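As given in TrEMBL:
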- His133: active site, proton donor/acceptor (ACT_SITE)
- Lys137: active site, proton donor (ACT_SITE)
- Gly10, Ser11, Lys12, Gly13, Arg14, Met15, Asp35, Gly76, Thr77, Thr78, Ala100, Ser101, Asn102, Tyr103: NAD(+) binding site (BINDING)
- His134, Gly143, Thr144: (S)-2,3,4,5-tetrahydrodipicolinate binding site (BINDING)
- 4-103: domain 'Dihydrodipicolinate reductase N-terminal' (DOMAIN)
- 106-242: domain 'Dihydrodipicolinate reductase C-terminal' (DOMAIN)
Amino acid sequence: MSDIKLLITGSKGRMGQAIIRAAEAQNVTVASTVDVGDALSPALAKADIVIDFSSHTFCDELLGECLKQGKSLVIGTTGHTNEELAHIREASKALPIVFASNYSVGVNTLFWLTRKATELLGPDFDLEVVEMHHRMKKDSPSGTARTLVEILADVRGLEYDKDCKHGRFGDVGARTPKEIGVHAIRGGDVVGDHTVIFANVGERVELTHKASSRDTFATGSVRAAQWLAGKPAGLYDMQDVLGLK
Ligand code: NAD
């Protein structure tokens, strides 16, 4: 039995339910749960670390209460506004926070491979990111697609467009070398597919990850919570947890 006690926020959602199952499988205690309508403060008092997969609209309330009670956070929620992202960065000066757009080992390997491939292939390859998710997903493009664009932009020395308005639809003319295309497809029950396309004249490289179960994100988030226990204040991501940096 691990010593940490978890609060799961967004506990009634698809991810919340998967995390409760993953914690049980890893012998980690879920001390309390919170969803819409539940009181946060007493639930948080029973736990050491929060795993949050809820809604970005809950972000400020959750950060405020964690700061008040000095509790650590694993944030899986995506779709934050720039203001909310700034609040997460500010809170991490006082609290240990893991914040990752994707908690799967496979996608974090895709992040690593994407950086390497972009460096190796050089500036002549056109860069496109394509993602597909289930019909209920609220944010678009996905947080993972945004991280992929951030990596591509970083290697190419391009300014990262946080709103990801790079997507090009229909007949809008030739692409420019400074574009990074992002395309979000929604439908059915797809858990999460991401492909990075490197296209040049005469050849193309594609890196693809397909998640077939939410359990991979859930298991990764519980692993992140275990890793976070006892860490100093700071903003960490899944690459830190997996030792990929
Ligand atoms: P969901 O809609 O199934 O579940 C969200 C839950 O949060 C719901 O039960 C909802 O009632 C609850 N909630 C909403 N507002 C709340 C509030 N103010 N207080 C408490 N609870 C609140 O969604 P989901 O598929 O479980 O995804 C949840 C989030 O996690 C999304 O932002 C999604 O993009 C993200 N996600 C991240 C990863 C990752 O690896 N980082 C993986 C999958 C999903």
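Each residue, glycine too, has its Cβ placed from N, Cα and C.
Per-class residue totals from DSSP over the domain 'Dihydrodipicolinate reductase C-terminal' (106-242), listed helix then strand then coil: 49 helix, 36 strand, 52 coil. Screening the recorded positions Lys12, Thr77, Asn102, His133, His134, Thr144 for a C-beta under 6 A from any atom of ligand 1 leaves Lys12, Thr77, Asn102. When the Cα atoms are compared, Gly143 ((S)-2,3,4,5-tetrahydrodipicolinate binding site) and Asn102 (NAD(+) binding site) turn out to be 8 Å apart. In the predicted structure, the domain 'Dihydrodipicolinate reductase N-terminal' (4-103) carries a mean pLDDT of 97. Within 10 Å of the C-beta atom of Gly10 (NAD(+) binding site) sit 23 other C-beta atoms, taking all shown protein chains into account. Other than the site residues His134, Gly143, Thr144, same-chain residues with C-beta atoms no more than 8 angstroms from the centre of those residues' C-beta atoms, the (S)-2,3,4,5-tetrahydrodipicolinate site, are Thr78, Ser101, Asn102, Glu131, His133, Lys137, Asp139, Ser142, Ala145, Gly192, His194. Within 10 Å of Asn102 (NAD(+) binding site), judged by CA to CA distance, lie the following recorded positions from the set His133, His134, Lys137, Thr144: Thr144.
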